[in-house]
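Asker: Starting off with a structure, shown below.
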């Protein structure tokens, strides 16, 4: 009798277990299908970065400090926090979320367009063409700093740099000589009393400077991470001159020189001056009345 009751009890337990487990595969399949559908239906616009280094993975460096920093994540398309060791690493590292967004997010482009001076070319116009890492075959335009013209190239479809325009007109308005598209909304004009024509007001940086040096000379001055206060020089590509700054003693970038002469030797190569009338381009030549320029030109030619 006891054996029969145990057998019946075991049978009912088996039936209950079968009923509870039977729907599980169906639910699992439906959940997988639902999750798959969500993934495939999600489409994001092509990612176009302002700088290629914004695509670098976060690098905490070889040191062991614990410092809160931010990097741009190309997968989430957002600036995120990571722990930095205090030395080394790469350029995709920012001290604040705001700085990260300002440098790497596309939303900041409109702000740059509205505030850039009319006679200045943006720094990214001097960057070389960069097709990116993808394998697309998209026609785009870039500004060639050697030919001084906008030219066509094939873009892979992702990453690259900001010297990348969808139309030839957009490229010309932004980077070629003359009045480019980077205008301040309230930018005024003044009437020329001689020819009764409107001419732009003078800007803080003359438009007749052209830069042809190494690409890393375009980097801004970087004080670094330590607490020293060393006198160094960096090349300011906007005005074409080497300027002093205070270096902390570690970190920073390659645009960092112990002397002004060393800075000029590295970054002044190919620096030319364009005559404003007629748009002609020529290098500086020796003139008897300009002894200072002669001495400078001798050094310049020697280091070519």
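Each Cβ is built from the backbone N, Cα and C atoms, and glycine gets one as well.
On a predicted model such as this, the values are computed, not experimentally measured, just so you know.
Annotations per Swiss-Prot:
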- 54-104: disulfide bond (DISULFID)
- 63-87: disulfide bond (DISULFID)
- 79-100: disulfide bond (DISULFID)
- 125-175: disulfide bond (DISULFID)
- 134-158: disulfide bond (DISULFID)
- 150-171: disulfide bond (DISULFID)
- 217-267: disulfide bond (DISULFID)
- 226-250: disulfide bond (DISULFID)
- 242-263: disulfide bond (DISULFID)
- 54-104: domain 'BPTI/Kunitz inhibitor 1' (DOMAIN)
- 125-175: domain 'BPTI/Kunitz inhibitor 2' (DOMAIN)
- 217-267: domain 'BPTI/Kunitz inhibitor 3' (DOMAIN)
- 145: N-linked glycosylation site (CARBOHYD)
- 195: N-linked glycosylation site (CARBOHYD)
- 256: N-linked glycosylation site (CARBOHYD)
- 1-28: signal peptide (SIGNAL)
Asker: Compute the average pLDDT of the predicted model within the domain 'BPTI/Kunitz inhibitor 2' (125-175).
Answerer: 88
Asker: Calculate the distance in Å between the alpha carbons (Cα) of residue 134 (disulfide bond) and residue 263 (disulfide bond), and round it to a whole number.
Answerer: 36
Asker: Relative to the Cα of residue 263 (disulfide bond), which of the disulfide-bonded residues 87, 150, 158, 171 has the closest Cα?
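Answerer: Of all the candidates listed, 87 is nearest in space.
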Asker: I want to verify one value. Collapsing DSSP to three states, which class is residue 134 (disulfide bond)?
Answerer: coil
Asker: Which secondary structure state does DSSP assign to residue 171 (disulfide bond), in the simple three-class scheme?
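Answerer: SS state of residue 171 (disulfide bond) = helix.
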Asker: When the number of other CB atoms within 10 A of each residue's CB is tallied over all shown chains, which of the disulfide-bonded residues 250, 267 has the maximum?
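Answerer: Per the Cβ count within 10 Å, the most buried is 267.
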Asker: Using C-alpha positions only, work out which of the disulfide-bonded residues 79, 175, 226, 242 is nearest to residue 150 (disulfide bond).
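Answerer: Out of the listed candidates, the nearest Cα belongs to 175.
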Asker: When the Cα of residue 175 (disulfide bond) is compared with the Cα of each of the recorded positions 87, 104, 145, 158, 256, which one is closest?
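Answerer: Comparing Cα positions, the closest of these recorded positions turns out to be 145.
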Asker: Do me a favour and check the Cα-Cα span between residue 267 (disulfide bond) and residue 242 (disulfide bond); whole Å is fine.
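Answerer: Taking the Cα atoms only, residue 267 (disulfide bond) lies 9 Å from residue 242 (disulfide bond).
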Asker: Should any of the recorded positions 63, 125, 158, 256 have a Cα within 10 Å of the Cα of residue 217 (disulfide bond), which are they?
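Answerer: Those near residue 217 (disulfide bond) - Cα within 10 Å - are 256, in sequence order.
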